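Now, the feature entries from TrEMBL:
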BINDING   H7, E182, M183, E184, S206, N207  purine D-ribonucleoside binding site
BINDING   G23, R27, R46, R90, V91, G92, T93  phosphate binding site
DOMAIN    18-227  domain 'Nucleoside phosphorylase'
SITE      R220  site 'Important for catalytic activity'
Amino acid sequence: MILMSTHIGAQANEIAEVVLMPGDPLRAKYIAETFLEDIHQYNTVRNAFGYTGSYKGHRVSIQASGMGIPSISIYANELIQFYGVKKLIRVGTCGGMGTDIHVRDVVIAQAASTDSAIINNTFGSGMYYAPTADFKLLLAAHTAAQQQGITVKVGNILSEDRFYNDEIDRNKLIEYGILGSEMESAALYMLAAKYHVQALAILTISNHIITGEETTAEEREKSFNEMIALSLETAISAD
Ligand SMILES: O=P(O)(O)O[C@H]1O[C@H](CO)[C@@H](O)[C@H]1O
Ligand SMILES: O=c1cc[nH]c(=O)[nH]1
């Protein structure tokens, strides 16, 4: 049976039930080529690369989400509605914001606050819905981190609509426990809730927005590898 959604050129059986979603298509390629066996590229539409392969004998797909809530919403919607995906795990970079957060830290987003209009557009004014991770995936990720000796921080992040944004009160957000800022997780969590599937975001702090601390390319690769290994172990964890 031929099935292609608007932005993903895959047939019905080409995508696994569990998908890792990096923003960057080249990270999707790197994950597939470095961590999976028997890989097959199912998507090149708009260069939003998608691959399916095997990790420790389990079928896993990797689909680039692009940057921002509008972009990940397209891919998450199509993965869930056209391809029957049940577990979506974002593997992304994040700008650190708190004093206890440093570059190379791995953060599991328990919740994703947002300044995006998706909350208001979905629920109407006066309702401040809290996009939240799937607890089973969160628990699996935390357990896998302990088993692998990877230190993780778990908490609330901000899914921001603008990468360049000097009009936001970051001190207030830090005061209320926001660990860092990225641009997609809130939408992923909302869509997972809407369609009763599971979602989680596992992030690496690539820079610190307040202190200006940055990672070198080599450091980034090592901490990305920890995040990816953790995400794959979470992906194959039993429900
Ligand atoms: O590294 P990725 O997964 O793309 O995530 C972060 O990086 C991009 C901004 O540079 C945004 O997509 C943000 O969420
Ligand atoms: O959205 C993002 C991602 C990484 N670093 C940032 O500062 N912002």
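The backbone N, Cα and C atoms fix where each Cβ goes, glycine too.
Close to E184 (purine D-ribonucleoside binding site), meaning Cα to Cα within 10 A, are the following recorded positions out of G23, R46, R220: G23. For ligand 1, the neighbouring recorded positions among G23, T93, R220 are G23, T93, by Cβ distance under 6 Å.
R27 (phosphate binding site) falls within a helical segment according to DSSP. The binding-site residues under consideration are G23, G92. Their Cβ neighbour counts within 10 Å are lowest for G23. Of all residue pairs in the purine D-ribonucleoside-binding list (H7, E182, M183, E184, S206, N207), the one with the greatest Cα separation is 31 Å apart. Considering only the recorded positions H7, M183, N207, R220, the residues lying within 10 A of R46 (phosphate binding site) on a C-alpha to C-alpha basis are H7. Same-chain residues at least 6 positions away in sequence with a Cβ under 8 Å from that of T93 (phosphate binding site) are, in sequence order, G23, E182, L203, T204, I205, S206. Just so you know, the Cβ of R27 (phosphate binding site) picks up 20 other Cβ atoms within 10 Å once every protein chain is counted. Taken residue by residue with DSSP, R46 (phosphate binding site) is part of a helix. In the vicinity of ligand 2, defined as a Cβ distance under 6 Å, the following of the binding-site residues H7, G23, R90, T93, M183, S206 are placed: T93, M183, S206.
Residues listed for phosphate, G23, R27, R46, R90, V91, G92, T93, cover a largest CA to CA span of 21 Å.
Comparing Cα positions, R220 (site 'Important for catalytic activity') lies closest to N207 out of the binding-site residues R27, R90, M183, N207.
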